[in-house]
Every structure is written in C-alpha cells, then in structure tokens.
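Here is what TrEMBL says about this protein:
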BINDING   Cys31, Cys35, Cys38  [4Fe-4S] cluster binding site
DOMAIN    17-234  domain 'Radical SAM core'
Amino acid sequence: MNNVGSVSADMQDRPEQGPPLWLLAELTYRCPLQCPYCSNPLEFAEHKQELTTAQWIDVFSQARALGAAQLGFSGGEPLVRDDLAELIGAARDMGYYTNLITSGMGLNQARIDQFLDAGLDHIQISFQASDGEVNNMLAGSRKAFDQKLAMARAVKAAGYPMVLNFVTHRHNIDQIEKIIELCLALEADFVELATCQYYGWAHLNRAGLLPTKAQLDHAEAVTNRYRAKLAAEDHPCKLILVMPDYYEDRPKGCMNGWGNIFLTITPDGTALPCHSARQLPVAFPNVSEHSLSHIWYDSFGFNRYRGDDWMQEPCRSCPEKEKDFGGCRCQAYMLTGDATQADPVCSKSPHHHQILAARAEADLPQPPIEALTFRNERTSRIICKS
Ligand code: SF4
Ligand code: SF4
C-alpha cells in the first residue's frame, strides 16, 4: 500500500474542516434488479452518463490525497462495470480499504478470484428475503435468490469477510428468525438487518413498506435473543439492527454532519454529501468541472448545511443541535418542502404530525407486494415525464 497516512499540502491549510474519510463511488445506476425501496433517485433513467475508468481513478486519487481511507463500490449494481477489477486494483494501490456493495447479480467465481487478486478487502451481498418466492418477487428476477445463495457461499470460500444485508419492511420483517438462521448457515461475519430508510423509491412506496410498531418490537426481541445466544456461544457473527427513524422522537445525526466525513460521487460525477442529496434544490458540483479539494472545502453545495447558520427554530436555539444537526436535510425537504426545517422525526418539529400519520397508516391493512412501485427504467422514465 502506498499513500497511507499521507496528507496533502492543501489539507494542512484547512484546519477548520476535516477531510472526507469515507468515499462512496456509485459507479452506475444500471441494475438488473428492481427493488421497490432502492435508494437511487426516482429519475435515475435521466442520468445515463458514467465516468470513465480514468476519471474514476483520478477521483480516487484526489480523495485519497485529501485523506479518504475507505472506499465503497456501489451503484446501481457495480458489477455491470467491466472495469471493476481495474478500479479495485487502483484503489488498493492507493491504500484504500475497499468494500464491494453488491446484489450478487453478475458475480461468478472468475470475478471473485479477479477481485481477490486486485486486493478487494470486503464484500457485502444484499438479499431481499429469506425465501426464494418473496426474494424473487421483490427483486424482479426468478434467478436472484439461487444466485445470491451461490455467491454468498463462493465469497466465504474465497476467504473474504462478508456482510449479508437484508433491507427489512412490512413484507419480510416477520421472517427475521429465518433471515438470521440463513445468515448463520451462510457463515456471514456481519448481518445488517436494516429497515427501509424512506428516501428515493422507498419514500414513494412508504405506505406499503413501513412496518407496524408491533412488527418492529418483534424483530428487535428476536434479534436480541439471537445476540445473547451468539454471545454465549462465543460465535463470531455480529447482528446489526437498524430501526426506522419514523418510530423515534429525535432524528438521527445524519451523515455525522453535512459534508463532515462522507463523500458520494454519483455515476455522472456529481459530488454529494450523502447519496440522497441529489433531490435537494441545491446545485451540486461535478468532478469533471472542479477539483475534489474545491468541491469538499469551497463549493456552495458542501457548505450549504455545515454549521448552524442555516437553521430555523426550533433547531437554532435547541441544546441538542450539536448532537443531531437538526436531523436529515433530505427528510426535512421531502416532508416539508424546505430543507432548512427541523427533520419532522423530531417531536419539536411543527411537522411531526406527518410522522405520526405515517405510523397510524402503517397500522391499516396495506396492499400486497405486487402493488408496490418497482424501480426500473420504464417507471423512472414515466416519473421523469410527469
Ligand atoms: S436496491 Fe435493488 S434495484 Fe437498487 S441498486 Fe440495489 S439491487 Fe439494484
Ligand atoms: S429541535 Fe432540531 S436540533 Fe433540537 S432535537 Fe429537534 S431536530 Fe434536533
């Protein structure tokens, strides 16, 4: 590894704002699956342009010089890029810790071996459910479940640390015991049981995805029972349960602060402080027009919600603002139309009633999985036109 711990001259001149530590490279919005909770923008079909191999390597190099240490390869489905092994190799040569975030579609033994040779550190495979029928219905592919099972086994056999990720919602959260058992059988090192975060396609489908409080309580109790059992057995698998903030009264400290440690680059080179921020009414810079140093430290987009000058009441005078930064700017914008509002998850927000209404809606009978709006090119194009 080279460049480890290197600090650019530019970074030394910027004591007030730390560097980006986490780089998320959304290599493409293309994906063979159609998850109705996908975090890609609704209008992803409008953004077909992708950075070239050389442009991505230049982005990695600039971010590394600023101080970034972890690099996630994401999408869409990053495996649709034929240059993925080359990108992984370049990133590892720069000293990044590298993580592939994939659905497993398009993975095979040859590519697993190729990525190992390139130095890939870690693989995360996402599943839609613990049984083939629900998994394949959500994914929109009859082959998806078997392919994921085969690739999870192959990834472990190759010796990678492996995360299995299950996005949970009202249609699969009651399977939590089976999900955990499946992950243990597949020898996952980490299991991420992440309830939907309501952005992008998940926000569009929120009524059909948000679990009830009773479902969440059951999932939490089962997870805690398994945690205790695994700890007693000294089992290496770790269970991570991410609950939806819709059942909280205080918002999450989103992205650990706006433009604080996370840097996302979208397929066309737009730089974002978080992967959902593209929807905000803010002009975000592009790596083909500006250096990453300028983007991170000086651009309007990355400075827009740093600090607290932008805050309105009740956040402005709130003693908790150092802890949660007023919550999520995207959620504030989606629910109030104004990104400078307090996140409506907060019980002090004048818009908190929207969260309470969503909770009440979750208790009503909801249509079946087939009624969800699935993420695909055709639907995205319709949304773009509307
Ligand atoms: S969430 Fe589903 S549809 Fe979206 S990129 Fe991931 S695998 Fe593809
Ligand atoms: S009022 Fe604002 S800063 Fe205070 S807890 Fe709520 S969201 Fe956080």
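For all residues, glycine too, the Cβ spot is worked out from N, Cα and C.
Its Cβ taken as reference, Cys35 ([4Fe-4S] cluster binding site) is surrounded by 24 other Cβ atoms within 10 Å in the chains shown. For the domain 'Radical SAM core' (17-234), the model's pLDDT averages out at 97.
Using the Cβ center of Cys31, Cys35, Cys38 for [4Fe-4S] cluster, the list of other same-chain residues with Cβ within 8 Å runs, in sequence order, Leu33, Gln34, Tyr37, Asn40, Gly76, Ser103, Trp201, Arg375. Within 10 Å of the C-beta of Cys31 ([4Fe-4S] cluster binding site) there are 25 other C-beta atoms, taking all protein chains into account. Its Cβ placed at the centre, Cys38 ([4Fe-4S] cluster binding site) has 25 other Cβ atoms within 10 Å.
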